[in-house]
Ligand SMILES: Nc1ncnc2c1ncn2[C@@H]1O[C@H](COP(=O)(O)OP(=O)(O)OP(=O)(O)O)[C@@H](O)[C@H]1O
């Protein structure tokens, strides 16, 4: 078999991709970078990477031997570094080749982790504010090589020429931008200074800023990161960290937790928010990599439950994405997230064990966050469940306090059930917790794991009714006519009526109406509506007799006593409907349309009756 002779066909020869630089810059500015201001971050980052490479070349050089100088006078922005610099060959290879980076060249692959950049596109961000990038550089690797000048333009063209050594006597690189008219917002001297401080305040090499008005350059990062400074006492240290947190986030932290994970070279602080945040709302954290601020909105460094803190961290080995505004979701990030979560747990444990005041303030603000955490975390549950606040028949109290007075803790399954029974249950000496809020019922049921002496049971209507005193036979008999009328009036709601004596006497009636009973009624109603059809048969077959709503009238209540004595059938009926309506309103559950119209009607009937009586 012979192969077709493609090589002879000139149209099949290998060609090189053409890059439309303007299109590429447009793509970056709209889809990669959040704002043109990132040009300064990229220039700073290149300068810092160049210093890192220079120190690798000259490890004996003193720590402050090399630095970065920024200059902006309104007409140019210049970033000058004492870094490793570039030879002419480097300029062709790295500056003029989009997507190529010296920071992942093979021979230094093992050192790549030392650099912030790696994609070989960062420099293009300068085209967001200028049409030309001017670079003069001299290599520290080849001290004898001449200085080299590169001019790259936004249309994709560039020039390179060598310059006499005097043009750049020492190794390093100077990048100069002449901003476009529309980029003044990002290139004014004050703005350049502010951006440098914003991105570079934690950089570990000295960076200065000069606005061209004379005098020495102002330091951009005069001090090391607050956690890297030495303090005379632990108290001064924690106050300084709290002050830093306040400066960065604008709130006074409830407490400041130091973060330190040597394995990934991570240091920083977590500031505990002094006020509750809506559950599930995640706050962004400030993430620096090798001192450079990457993101103010990084969510991924902590698990979702940690929404009660905001962190500032500086890490060596987290990998930024090409936009630099988020982090690669890799194993390191997962390990960092776990380790930081562990640190927060340890802080909670310490507060629980030795700082009750701090714990109380923390739980007051963040009990919801802690509840969501305790549901999945046995250790947190064991430490904190007793201290968590719940709504109970003794008011808002901690579970510990409540469990001391009630060996058996009853818990409702909804807020409305709790509203229905709270006053009466507490008068009957029952201890009930409102289990209707997210996590609460689940958590209360786990109380015996922490306090084995206590038991927990769901409160069903039968438990409560069993605690209400029956009335004597005579009273029951005397009330029977009224009760029969009332049952008749409320039959449409599948509601039974009973008479009991219970405290508080001010409560005329209690509507015991469990969720299951309501579902059952809806099912019955549907079955009636669909009678005859297949669906009706199915629903009918599902129908249970058991749960019905029950209106329990309170024989101790003066109004109920008066109602029981009503002879007039219509008025008896209306009063029963009104008592039902009032009890349904008190339960604060959503009313069905028939119930709303019943309340309306009974109110008007009673009004009419009262007016008739007066006239
Ligand atoms: N100040 C500088 N000193 C020395 N070399 C530099 C400097 N600025 C840029 N370079 C060279 O130009 C290359 C391309 O820079 P560019 O900012 O586009 O990408 P990068 O920093 O390598 O990666 P990233 O796209 O992640 O920023 C760098 O890899 C580096 O070799």
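Placed from the backbone N, Cα and C atoms, the Cβ positions cover glycine too.
Cross-referencing 81, 82, 210, 211 with the ATP binding residues that TrEMBL gives (42, 46, 173) picks out 81. The ATP site in the record is lined by 42, 46, 81, 173, and its two most distant CA atoms lie 14 Å apart.
Counting only residues at least six positions away in the same chain, the Cβ atoms of 46, 47, 48, 50, 51, 66, 67, 68, 69, 172, 173, 174 sit under 8 Å from the Cβ of residue 81 (ATP binding site). Every protein chain considered, the tally of other Cβ atoms within 10 Å of the Cβ of residue 46 (ATP binding site) stands at 24.
Within 10 Å of the C-beta atom of residue 42 (ATP binding site) sit 24 other C-beta atoms, taking all shown protein chains into account. Sitting within 8 Å of the Cβ centre of 42, 46, 81, 173, and not among those site residues for ATP, are the Cβ atoms of 43, 44, 45, 47, 48, 49, 50, 68, 79, 83, 175. For residue 173 (ATP binding site), other Cβ atoms within 10 Å of its Cβ number 25.
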